[in-house]
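This report refers to the structure that appears directly beneath it.
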Amino acid sequence: YLALCAVGLVGNLLVLVLVRSQQRRWHSLLNCFLLNLAATDLQFVLTLPFWAVDMVRDFSWPFGGAMCKVVLTLTVLNMCASGFFLSAMSVARYYAVARALRPRRPGTLWAVCVCSLLWATAVLATAPTALFATAASIGGERLCLLRFPDGGPDWLAFYHLQKITVAFVLPLVTLGTCSLLLLRFLRRQRVRWSSGVRHQRRSRVTRALACVLLVFVLCWLPNQALTFWGVLIQLNAVPWDCAYFLVQAYLFPVSICLAHSNSCLNPLLYCLLRRDFRQGLQELCSRAKHPADLRPGCPIDSRAPVRGSLIRPEPGEPHLSVRATRRPVSTKSDGADYASWYWNDDVKGQCL
């Protein structure tokens, strides 16, 4: 639990920094969902130390009833919100590819409204947890659990069914449907792209979609399957036996850790596999290594070679200025290609 907390904390904080560092692009629909997903996973991993202490103490809760309600509610809230934002990102990804040629795209206001609606839905889905979570004394031990009104085990069974449906089934169906629709759309683009470009793009998108689906299923399916087994026993659909006891005693805690690891893998899946975020991470590392070379207002690393282009001087300027860009100029000399670079002394003087 502590290892997952450390990895998830670093990964999701890095996502927040990278998304916000994109300036104008961070408020796009997809990046807005990504920003909220990182915030959701960050809140989720911050609850893991409490559950680590609870597990070390053999599920004896030492933090009191108020903290039990807060931590358990935040855990379920962020589990539901994470599934919602994963679903929203899959829909936004399909929309971005299939509707790329349309002139009008969703703006910042639309993204904020959708995110607010998803958070409100997650809060509504978490309401039973906030109402019934409490720390109760059972067998001389103080446990953090859900205490429902009298009326048999059906309350707990329906609660788990609702959580399985909201946090696992709906996101899985949405991810799978959008992935199939996106692959079908790419398969139909035979006229616009050449065969090589089409095959390369389809292969890249297929690998990315398969990776997202596989990680989500591998992380959440064991825990949700064991939870559903318990629901069937509570509803008397299947009998209780020793196999269920052994699975709950030894495999269920492992399935919980596996489910929590999804919050650590999301930053890798949705940021580090994207080219623009990898470039942002490289720039961030370069900025950390050489802070004097990348001051605010300096467009690029002054130590790196850049290509210059002349700009017409404004009135009052004594000489021509040079605009720095990142692209090299490809030229030929004696049949060999090489990059001809230019140094921008004006920008270099401002940055050093």
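Placement of Cβ uses the backbone N, Cα and C atoms for every residue, glycine included.
According to TrEMBL, the protein carries these features:
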TRANSMEM  6-21  transmembrane segment
DOMAIN    11-270  domain 'G-protein coupled receptors family 1 profile'
TRANSMEM  33-52  transmembrane segment
TRANSMEM  72-96  transmembrane segment
TRANSMEM  108-133  transmembrane segment
TRANSMEM  164-186  transmembrane segment
TRANSMEM  207-230  transmembrane segment
TRANSMEM  250-273  transmembrane segment
How about the transmembrane segment (33-52) with the transmembrane segment (108-133) - do they touch, taking at least 3 C-beta pairs under 8 Å (6 or more apart in sequence) as contact? yes
Could you tell me what the rest of the chain brings near the transmembrane segment (207-230), counting residues at least six beyond its ends with Cβ under 8 Å? 86, 90, 160-161, 163-164, 167-168, 171-172, 175-176, 179, 182-183, 238, 244, 247-248, 251-252, 254-256, 258-259, 261-262, 265, 269, 273
Over the domain 'G-protein coupled receptors family 1 profile' (11-270), what does the predicted model average in pLDDT? 84
Looking at the stretches 6-21, 108-133, 164-186, which one shares the most CB pairs under 8 Å with the transmembrane segment (72-96)? 164-186
Dominant neighbour of the transmembrane segment (250-273) in 6-21, 108-133, 164-186, by Cβ pairs under 8 Å: 6-21
Under 8 Å Cβ-Cβ from the transmembrane segment (108-133), and at least six residues away from its ends along the same chain, one finds 27-29, 32-33, 36, 68-69, 72-73, 76-77, 80-81, 84-85, 88, 144-148, 159, 162-163, 166
Do any residues of this chain, six or more beyond the ends of the transmembrane segment (164-186), have a C-beta under 8 angstroms from a C-beta of it, and if so which? 79-80, 82-84, 86-87, 90-91, 93-94, 97-98, 125, 198, 201-202, 205-206, 209, 212-213, 216-217, 220-221, 224, 227-228, 231
